[in-house]
Amino acid sequence: MSAQQSQSRKTTTAIRQAKGPGKVVALTAYTAPMARQLDPHADLLLVGDSLGMVVYGLPSTLGVTLDMMIAHGAAVVRGSTQACVVVDLPFGSYQASPMQAFESAARVLAETGAQAVKLEGGVEMAETVQFLTARGVPVVSHIGLMPQQVNTVGGYKAQGMQADGSERILRDAQALQEAGAFALVVECTAEAVGRRVTEALQIPVIGIGASPACDGQILVTEDMLGMSGARVPRFVKQYAQLGDEIGRAAQRYAQDVRAGAFPAPEHCFGVQAKA
């Protein structure tokens, strides 16, 4: 990355200071071509462990490895120049101890060029967040529905629907802010919970199925673009149907190949005459 590119990229400080005056625009990205398209429009690009399901067809995020995250994180950094790039720490790469988390995060930052890491967990991860931030690792925390804990909570269900769950999420949010997280993702909660957390914190709260009151929003880009099949979460708004368009393009290509219409003369190289 050139010095000019580095200077133009949004920093974690800029994201932290976005609390209040506007909305943080965040999307997922897993590849350089997609990052290139999203970069002019997004404040933050998240290389999420959702890539396990979106890119690799895994049934959950649990099979994603640190090496996978690093490879895709580096690709997104290479494909972008403006957005702040944040990379998820995958399941099993940070839960054992704060030192394990630091070693994983250090690899991510050093090998990708990303600006920060994201990790799931509430009060129980506050010590780890504090350990990381004290050692120069910027952290985005993630609470509410936490996909890495899907087996513990019994599936992908909205969180904070009861009073005790609402209070737990608020305690998680406050503990993570105190630990030094510069932003917080709140996923799939009751709307009132997302609103309450946003109002209670001084750091930006980025919602995904949380509340329009959040300081920003994030979606899985392939869901937003209509590339994820028929079923998408209720909180997703689809702004295109690129899956259908890709299918139609592939159909036209197949028809041309089978009919001998492609490649046409304009797609072929002629033999050059000797001078």
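The backbone N, Cα and C atoms fix where each Cβ goes, and this holds for glycine too.
Residues or ranges marked as active site, proton acceptor by Swiss-Prot: GLU187. Taking all protein chains in view, 23 other C-beta atoms sit within 10 angstroms of the C-beta of GLU187 (active site, proton acceptor).
Sequence annotations record features per position, and here Swiss-Prot assigns 3-methyl-2-oxobutanoate binding site to ASP49, SER50, ASP88, LYS118. Here the Cβ of ASP88 (3-methyl-2-oxobutanoate binding site) has 30 other Cβ atoms within 10 Å, regardless of which shown protein chain they belong to.
Residues or ranges marked as Mg(2+) binding site by Swiss-Prot on the basis of sequence analysis: ASP49, ASP88, GLU120. Counting every protein chain shown, the Cβ of GLU120 (Mg(2+) binding site) has 24 other Cβ atoms within 10 Å.
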What is the total of other Cβ atoms whose distance to the Cβ of ASP49 (3-methyl-2-oxobutanoate binding site) is within 10 Å?
30
